[in-house]
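**Q** Dropping a structure here in structure tokens format, bear with me for questions.
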Amino acid sequence: MDETADTPSSPEMNATASAAAATPLPPQSSTATLDLEKSYADLEAWLAKLTQGTPLTEAEVKLLTELARERLLQESNVQPVPAPVTICGDIHGQWHDLMELFRIGGSAPDTNYLFMGDYVDRGYYSVETVSLLVCLKVRYPDRVFILRGNHESRQITQVYGFYDECVRKYGSANVWKLFTDLFDYFPLTAVVDNAIFCLHGGLSPSIDTLDHVRQLDRVQEVPHEGPMCDLLWSDPDDRTGWGISPRGAGFTFGADISAAFNARNGLTTVARAHQLVMEGYNWSHEGAVVTIFSAPNYCYRCGNQAAILEVDENRTNQQFLQFDPAPRRGEPSTLNRKTPDYFL
């Protein structure tokens, strides 16, 4: 079952935790040292709140997004990620299920994680979810990696829930703006051990090599078309060649396209998210492409399992861990959810 209804031709495109921390950058002065120590203290305090499901204050979100922007600016459009690492798909604001993911897969930084986008919208706890993942990224920058999904967008989030949630929880759109401005800095793709190409959506007819991805200007709102749009919106298909996507953005691509792209770039696999798959993962294109979806019982009604992919240090063992939804703990009963339905 695909998310085929959240298309940019629909209204949204018109609406405007052990101590294995990454080594910090060398301090330039005693003031810089104090600032770094204070930042780490802040991050630890924020992580303590967020792992209990307590949202940050607006002032804390402002500081967090400033720290995150500085860190993400150092990362490439094709971010190298070493193994071992656990690769995750869509989360969509399902905070309780993200906690279950960490219970199943191991807590950060004991486990290295790569998330392939779509942290917000649909679920009840987009604020807490994206805050936690960004906080983990800043605290453990060499152990947690976060890519951009098609929902990390100003236009999409105004229709599919994140904007309304921010206004409801904070009384204004300020936190929404802080996060959506930050989304522009998220890397578009990653490569695990020079072999597994990870991204949210799929391939693009405008991109033949990883160098083409590296050359993109990613610091912008997701365009309606073009290679950056394709990377976040495209889907694999049973038909060969390129096809028109029913989403209204990106393309469909066949097994011949995947095989040629992997061979040209010395890759073994394209790992991507973006589509609901009932068992949490699905191989396609004769093993050239794998879809990973990490939001169980998506939208609290789809009945699907979720999965994450563990890749060991030498990529000799790649294991999927499947999991069911975490027990619900009193979902909000006063939500007036007017977001459009995903399904045609």
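Glycine too: its Cβ is placed from the backbone N, Cα and C atoms.
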**Q** Do you know which of 1-30, 211-240 TrEMBL annotates as region 'Disordered'?
**A** 1-30
**Q** Express the predicted model's confidence over the domain 'Serine/threonine specific protein phosphatases' (147-152) as a mean pLDDT, rounded to an integer.
**A** 99
**Q** Given a Cβ distance threshold of under 8 angstroms, which distant residues of the chain, six or more beyond its ends, lie next to the domain 'Serine/threonine specific protein phosphatases' (147-152)?
**A** 6, 79, 90, 92, 114-121, 160, 162, 180, 183, 186-190, 198-201, 218, 222, 232-233, 249, 273-274
**Q** What counts of helix, strand and coil residues does DSSP assign across the domain 'Serine/threonine specific protein phosphatases' (147-152)?
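**A** Counting residues by DSSP class gives 0 helix, 0 strand, 6 coil.
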